[in-house]
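Right, one structure below, let's go through it.
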Amino acid sequence: MAIVKVKPTSPGRRAMVKVVNKDLHKGKPYAPLLDTQSSTAGRNNNGHITTRHKGGGHKHHYRIVDFRRTKDGIPAKVERLEYDPNRSANIALVVYADGERRYIIAPKGVTVGQQLMSGSEAPIRAGNTLPIRNIPVGTTIHCIEMLPGKGAQMARSAGTSAMLLAREGTYAQVRLRSGEIRRVHIECRATIGEVGNEEHSLRQIGKAGANRWRGIRPTVRGVAMNPVDHPHGGGEGKTAAGRDPVSPWGTPTKGYRTRSNKRTTSMIVQRRHKR
């Protein structure tokens, strides 16, 4: 991968920094693993905005990614690496010995032609997926399941990883990039190594229109609105909010915790927040 600073031929390109990977496939994606994807623009089934700053953007297909990696004992060869518009990480198209093709999250260091395995007998090598009970303590892992068989849910973004800290009985402790230490069942699966495309965070969008292509709409400050639109709105000229920061619905923001899932609180050994 290379970090390319674009020539300043316009104000938008002057600040642009791109991450170029010449190893990515330049053709069309593998059609049998594509699915249609409709845009909701941040609305729920009632038409109410549940996620702000979403809407528009370029249409794209969803790539069906295998987060379970359940074809145990069958070797798979990396056929090509591809760009995925739905996530920050790149994806890899792998072809198994029985001829089946699947997309997986592309791990760091995995190249075209490399052989990957999954299952309890797989070697400890980047890109291989094993149950946590078979992974040595201290190993860097990614694409971690939270429930056995549900599929990977943690450490899937570009450049992310976690570390297996300990195993106690039927549970293991995993430290995430955020600093949170979480308990995970030892039958949950994880992939060895880090997620690739680690230079994703170094890119610079360059102009507002590039975010509009991605379906991200502008973020308007509450103090710039009218009182009918936001608790911070109103006033003559430029004024302060006049109260502690809140969301448009009056919920405290900037550090206020909104987690309410008490059912899984026992799985968190150490929170990511500093007390």
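Using N, Cα and C of the backbone, Cβ positions are placed for all residues, glycine too.
Counting residues 6+ beyond its ends, the compositional bias 'Polar residues' (35-46) has Cβ neighbours under 8 Å at 52-57, 59-62, 64, 86, 215 in the same chain. Residues or ranges marked as compositional bias 'Polar residues' in Swiss-Prot: 35-46.
Nonlocal intrachain contacts for the compositional bias 'Basic residues' (50-59), taken as residues 6+ away from its ends with a CB within less than 8 angstroms of a stretch CB, comprise 37, 39-44, 85, 212-219, 248. The annotation compositional bias 'Basic residues' is assigned in Swiss-Prot to 50-59.
Swiss-Prot lists 28-59 (among others) with the feature region 'Disordered'.
Across the region 'Disordered' (224-275), DSSP assigns 7 helix, 5 strand, 40 coil. As annotated by Swiss-Prot, region 'Disordered' applies to 224-275 (among others).
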